[in-house]
Amino acid sequence: FAQPIPNVTVAVGRDANLPCVVEHLGTYKVAWIHIDRQMILTIHRHVISRIPRYSITYDNANTWLLHVSQAQQDDRGYYMCQVNTNPMISQVGYLQVVGDGNQNEFSVSIVYVCYVVVFPLTVPPNILDIESTPSSVAVRENQSINMTCRADGFPTPKIIWRREDGQSITVERKKKVMVYDGEQLQLIKVSRNEMGAYLCIATNGVPPSVSKRIILDFLRMIWVPNQLVGAPAGTDVTIDCHTEAHPRAIIYWVYNSVMVLPSKKYLIDYTENSYRAHMKLTIKNLQNGDFGNYRCISKNSLGETEGSIRVYATPLRNDSSRIIQPEVVFSMRTPDSNHASPNTATGDRKGTLAIGQSVFYTDFPPKEYGHSSSDHIADISHILSYISFLLLTLLPPRILFYAC
């Protein structure tokens, strides 16, 4: 500034001019602000205020002149002329408005004030949530992620990242840094050690700086080794499920919409290793009311996920008393009893076939029939020999194999 802003006193209804003389302005901008009203009046050659009595002129040398036409009592106060250098510089002058416009004499009040302040032209940083990563984000292990943090303000804010726990940030696969610059933070093949809170901090030299806390967590995962588990009534059965979660999750079993609690009926075994957990449920002395769907549920502050296991009934494998030997009927017929083979049995032959037992039966015509005389060769085709295999008892779900 080449000179201070003079303090001006005018009568109500008269015009007032406040000069601001700036040398070597270069590409910087000059703005006028009414401090008492907290109002930007002009920026460079543009009038920002909606009050039409304000205007700005520039003499193409070094003087910016603020015009206040028909001054009113509300126009009284401090006026600031500021240049958007870094740091900002400014000076202040005072406009005194007196009387009602009809007075010929009035007192003059002179106040000289010069100090540096930040006015609305210098906008502090503000993080744009709608254009930034949400405050909580979940990924799978070994998956890559880009976290974004955008801010506005004047001058343009600078964005840095750091971890809340003070640990280093791994960038570019192997490089570890305590502070990372840039709007986007890319983490490649995230590991469990990189879970936690990240701080995005925006600064532009205008206080206050602002920050956003983004918590990086792993997606909740749950899986069961067997979704179908069969066991006979009266026996014990064990089902299990595995989970991974961050933050740490609680795991529990649900059957028929009721949480399963440890008891003589239910034995629950739970092991945990960091973010992994394994839970087993043993159901004692299975009864009809114990068969059905069991749900393994994992829940933490981010939500819940579940897996389902169906327990179904199977027959006892060693209960041989329940297996009745099937009856087998052997039947042999010929279409013409006059040409019956001597080996052909009359009627049906019956017997029992034990599990694993084989039955062999052959029926070949003797030499004197068909083979010794060409006259009877054609008759061989008429000989039908077959065995009918009749199962009189079949117990599901037992599967037996039969071969003829």
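Cβ atoms here come from the backbone N, Cα and C positions, even for glycine.
According to TrEMBL, the feature domain 'Ig-like' maps to 1-109, 125-211, 234-310.
In this model, the domain 'Ig-like' (125-211) carries an average pLDDT of 89. Across the domain 'Ig-like' (125-211), the DSSP tally of helix, strand and coil residues reads 6 helix, 40 strand, 41 coil.
The residues of the domain 'Ig-like' (1-109), classed with DSSP into helix (H, G, I), strand (E, B) and coil, number 3 helix, 51 strand, 55 coil.
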